[in-house]
Amino acid sequence: MSNPPHGGVLKDLIARDLPRHAELEAEAETLPALLLSERQLCDLELILNGGFSPLEGFMNQEDYNDVVKENRLASGLLFSMPITLDVSEETISELGLKAGARITLRDFRDDRNLAILTVDDVYKPDKALEAKEVFGGDEEHPAVKFLYETAKEYYVGGKLEAVNKLQHYDFVDLRYSPAEIRTHFDKLGWSRVVAFQTRNPMHRAHRELTVRAARSHHANVLIHPVVGLTKPGDIDHFTRVRVYKALLPRYPNGMAVLGLLPLAMRMGGPREAIWHAIIRKNHGATHFIVGRDHAGPGKNSKGVDFYGPYDAQYAVEKYRDELGIEVVPFQMMTYLPDSDEYAPVDQIPKGVRTLNISGTELRARLRSGREIPEWFSYPEVVKVLRESHPPRSQQGFTVLFTGYPNSGKDQIARALQVTLNQQGGRSVSLFLGENIRHELSSELGYNREDRDKNIARIAFVASELTRSGAAVIAAPIAPFEKARQNARELVEKYGDFYLVHVATPLEYCEKTDKRGIYAKARAGEIENFTGVNDPYETPAKPDLVVDCEKQSVRSIVHQIILLLESQGLLDRF
């Protein structure tokens, strides 16, 4: 018999509303519709299938306020994470959102009707309070950045009626709903289940940790990785799931099963650990492993941890009686080479020799093709990782030039393209400012909003080419720091990004202008001209600073080649 769900009843809205499917589908076609984002789809799926029980919809203002301030729903039941549907003021007006209104929620990928929302209320959240109480308030925290930069200004609360399941086309056999995994446990005869949350590949230490947890609690293991949204820069879920499948035979026969969780993580540390425990309880687990820095986003730009290493364990311990799932705290596992075994760090006697490979070191070994020892990971796991992580000389990268008009960006970019093409080994794509404006952004103007859109489009194309192993060279003006930083973050999901500030002085750019564009701008014939009547924000942290007044194009290209070579991106001779 699996663990009762949070609140006592599994809120499986898919099963509840299935008898009314035809009626709801017909009504959904007649209602105003809202296309959901990827994060909203993740939340919706886990509301509809009962993963977020006792929720039956997106939180209204009363529930939201109590969760933010007290870790509880208005009913008093423990719940630590706000589950909200954010909308803009424009959307409120377009869809007629008000109490009692009904709207269809659709999948942005295929326009499929997923649910009908009956609006309870529309409210403006206190984002500063949410950021502080739920995530700690650090503006560099990814969830706080999402609140301020991405989430719309209003939330809509209300109950849901399920119309259709979300369609998935990958690893369908592993995507158990809470009801399905509970049935699977019953079929296997499992009554005690330890759930293990992860957003990373698993290695020998993780296998040892989960087996120890199962052994000490006389339980079986549910490997329950997140395949929704995780931390930017994480290894993609396709690779990770192949790793988990490769690892599974290393468990004693019948000990472990693999199930995938379509969760949009918030990286919320202590609050998230409580939330994760509730979700695993809803999936029938009786025990839940909480490790060091559980669901933490790491460090901020000053090198300070967002959360303490064991804050998450303290949080779940505080609410253990209410959670209804036994939390299994675990220290980091470390390898002891002299005895060829793993042990928790707090159980290793002083003076005993230990070995460990950090995540940073593992990524470095994958990039360089260096050996990953068998004491750290299994050969079949390493094989999967190497398939998705070719050596540095085969990885894509982007070089983005920024500077005033006529600063020499285009000449440097063209020369760099020729140099890389001469070397060979990967395709090279060149995007010059005027070409991009003509081919990709012809309808955009030169105000700040349109300039940012132009850089965002360049970054999107560059990220896709980088992902496929190409070298991308882009030379827009890119005058604004935020747009440049957003471009870096997008491209770095898939490969290296190098910002080159072509810091040729404005006076020199104007003096050597043979096309007369500066003169026209000075005469008022060209509006929003960077350096004359529109600002240029000097890059805060460029990877390279060059100056065409003092340096030749050839010497600048050589500097860039040396930079790329030092990072292992070019073949060494």
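Every residue, even glycine, has its Cβ placed from backbone N, Cα and C.
Listed in Swiss-Prot for this protein:
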- 1-169: region 'N-terminal' (REGION)
- 170-394: region 'Catalytic' (REGION)
- Gln197, Arg199, Ala295: sulfate binding site (BINDING)
- Gln197, Thr198, Arg199, Asn200, Gly291, Arg292, Asp293, His294, Met333: ATP binding site (BINDING)
- Thr198: active site (ACT_SITE)
- Arg199: active site (ACT_SITE)
- Asn200: active site (ACT_SITE)
- His203: site 'Transition state stabilizer' (SITE)
- His206: site 'Transition state stabilizer' (SITE)
- Phe330: site 'Induces change in substrate recognition on ATP binding' (SITE)
- 395-573: region 'Allosteric regulation domain' (REGION)
- Glu434, Asn435, Ile436, Arg437, Arg451, Ile477, Ala478, Arg515: 3'-phosphoadenylyl sulfate binding site (BINDING)
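DSSP assigns Gln197 (sulfate binding site) to a strand segment in the three-state reduction.
Rounded to a whole number, the distance between the Cα atoms of His206 (site 'Transition state stabilizer') and Met333 (ATP binding site) is 8 Å. Secondary structure at Ala478 (3'-phosphoadenylyl sulfate binding site), as computed by DSSP, is coil. Phe330 (site 'Induces change in substrate recognition on ATP binding') is surrounded by 19 other CB atoms, counting those within 10 A of its CB over all protein chains shown. Checked against Gly291 (ATP binding site), the recorded positions Asn200, Glu434, Asn435, Ile436, Ile477 differ in C-alpha distance, with Asn200 being the nearest. Arg451 (3'-phosphoadenylyl sulfate binding site) sits 36 Å from Ala295 (sulfate binding site), taking the CA atoms of both as reference points. Taking the binding-site residues Ala295, Ile477, Ala478 in turn and counting surrounding C-beta atoms within 10 angstroms, the largest count is reached at Ala478. Across the residues annotated as binding sulfate (Gln197, Arg199, Ala295), the widest Cα-Cα separation comes to 9 Å. When the record's 3'-phosphoadenylyl sulfate-binding residues Glu434, Asn435, Ile436, Arg437, Arg451, Ile477, Ala478, Arg515 are compared pairwise by CA position, the greatest distance found is 22 Å.
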